[in-house]
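Features of the protein shown, as given by Swiss-Prot:
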- Cys409: active site (ACT_SITE)
- 51-52, Gln129, 175-177, Glu195, 262-266, 272-273, Tyr321, Gly491: NAD(+) binding site (BINDING)
Amino acid sequence: MTRHDSTRVIRAATGTTLTAKSWLTEAPLRMLMNNLDPDVAERPQELVVYGGIGRAARDWESFDAIVAALTRLDDDQTLLVQSGKPVGVFRTHADAPRVLIANSNLVPRWATWDHFNELDKKGLAMYGQMTAGSWIYIGAQGIVQGTYETFVEMGRQHYGGSLAGKWLFTGGLGGMGGAQPLAAVMAGASCLAVECRRSSIDMRLRTGYLDTWTDSLDEALRLIEESCTAKRPLSVGLLGNVADVLDELLLRGIKPDLLTDQTSAHDPVNGYLPQGWSVEEWDAKRVSAPKDVEAAAREAMANHIRAMLTFHALGVPTVDYGNNLRQMALEEGIDNAFDFPGFVPAYIRPLFCRGIGPFRWVALSGDPEDIAKTDAKVKELIPDDAHLHRWLDMAAEKIAFQGLPARICWVGLGDRHRLGLAFNAMVRSGELKAPVVIGRDHLDSGSVASPNRETEAMADGSDAVSDWPLLNALLNTASGATWVSLHHGGGVGMGFSQHAGMVIVCDGSEAADKRIERVLWNDPATGVMRHADAGYAIAVECAKDQGLDLPGILS
């Protein structure tokens with residue numbers, strides 16, 4: 001089993017020449033490779049895409065076997081992938097998914113990091129995160145809009161609708177956390193983001209998600225103060241340990257205007273630097289003494305949360321951004337760790353109630369002009385949404401593509417299928433140079449059960465009910481998605497989430513029209529269904545307006 005190979009450099013093919021037998025198999029092949037593009041993945045030589053150890057394939061032998069299987073797969077066959085390893089090819093039918101993926105799933109009693117890590121060492125499992133192992137990661141752009149929407153809503157709720165002259169403090173500049181500085185600037189705020197790895201800071205600078213960096217807290221605070229005084233948003237990366245920096249801010253009596261965190265705290269061995277440790281010591285001991293690392297990291301997380309709670313008590317709007325940091329602190333004896341809310345119940349849930357979530361698409365041509373044309377089509381089909389248009393304009397101006405050109409755009413039930421059909425027609429007419437794939441994050445309205453994140457504080461107490469993502473995966477399979485995935489542990493770690501993903505190919509065919517219409521209606525509809533079942537009036541109203549047939553939910 002080879003997990004590290006510094007000689008491998010993977011990039012997705014572009015253009016219209018196929019390696020596989022059709023676009024339905026070429027698409028997952030290119031997206032798998034795109035996940036490991038050096039401009040996309042955090043540690044591609046280790047197959048790590050983002051989020052601690054979120055991988056695209058179990059090992060390099062499995063990667064090669066997946067590529068070989070996709071290359072020979074027929075359009076009436078389905079490839080099964082078990083925790084990053086291809087395990088079977090079966091005859092199905094043309095409208096069935098070409099790939100079905102299950103990653104990191106464990107029987108609940110054994111769904112712990114200790115048990116998973118033992119399996120991982122033996123080469124029997126792979127942590128797929130959300131979009132790493134489901135081959136639809138698009139770089140930090142993937143969560144930029146969701147983060148932007150969160151920060152904008154924080155501005156509405158706490159600062160009268162404007163973040164001008166305000167600043168956000170956060171930690172983590174990895175594949176997910178790296179979206180925060182750009183999202184803050186787009187929302188009108190400055191951002192001070194602490195990151196312990198210089199390589200992560202460099203990647204965010206290179207891809208345009210971060211404006212500048214320093215290894216001096218004094219310099220970072222000077223830059224933030226100047227930007228806030230001038231009301232010119234600026235993002236500053238600070239090389240350091242976030243728990244240490246928060247303690248120092250408290251000692252100095254300096255309060256940010258907004259506070260959150262997106263370190264990889266969900267994984268206490270691989271995702272969080274203990275206080276007082278160098279990165280080199282951490283990297284070495286993650287292999288030689290993982291239990292020592294975990295204990296030290298958990299202690300640091302408890303200190304981190306103590307500081308956040310202090311700022312919260314001082315009136316600073318403080319929010320958990322879904323990395324399970326509060327849970328880790330709770331387990332370390334911080335009984336009030338959940339005194340500040342998660343971002344979904346605080347700011348995002350009304351969108352989920354209408355099936356609105358992180359819709360994304362990727363141009364398999366590799367040509368940025370295809371994304372420009374689809375951006376214009378979104379504006380044409382949704383003409384009256386000024387907020388959406390403003391987002392698309394900002395995205396076109398400020399977001400650098402990583403790997404294949406892509407766009408994230410939060411839209412919901414009633415719009416997703418219209419956009420998909422329009423994109424397919426553009427492929428058919430030749431307006432787009434090659435097919436487009438449409439997918440989403442697993443963080444969506446109907447595709448996840450995560451009591452410390454997406455389903456925190458549900459109105460009916462159904463936070464931990466995971467039937468919903470299972471039903472979502474089954475329905476997307478039945479509807480004809482091109483590939484469907486079912487994962488465990490994404491975002492918040494082992495034992496704390498189950499979630500499903502889907503991707504569908506717009507290859508320009510009439511057969512694709514039918515699949516697109518089914519999938520891109522049914523997928524967001526499950527989110528409306530889930531929230532209507534929990535008793536949210538917005539979701540009930542949406543379900544009725546859209547004519548959903550929900551026996552047992554709608555009277």
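Using N, Cα and C of the backbone, Cβ positions are placed for all residues, glycine too.
Feature annotations (Swiss-Prot) mapped to structure.
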| residue | record | Cβ contacts under 8 Å, 6 or more apart |
| --- | --- | --- |
| Gly51 | NAD(+) binding site | Gln129, Met130, Ala132, Gly174, Gly175, Met176, Ser264, His266, Asp267, Gly271, Gly490, Gly491 |
| Glu195 | NAD(+) binding site | Gly171, Gly172, Leu173, Gly174, Gly177, Ile201, Arg204, Gly237, Leu238, Leu239, Gly240 |
| Thr263 | NAD(+) binding site | Gly171, Gly172, Gly174, Gly177, Val242, Gly271, Tyr272, Asn323, Leu325 |
| Ala265 | NAD(+) binding site | Gly271, Tyr272, Met301, His304, Asn323, Asn324, Leu325, Met328 |
| Tyr321 | NAD(+) binding site | Thr147, Thr150, Thr170, Gln180, Thr260, Asp261, Gln262, Gly342, Phe343 |
| Cys409 | active site | Gln145, Phe359, Arg360, Val378, Leu388, Trp391, Leu392, Ala395 |
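Taking the Cβ of Tyr272 (NAD(+) binding site) as centre and 10 Å as the limit, one finds 31 other Cβ atoms among all the protein chains shown.
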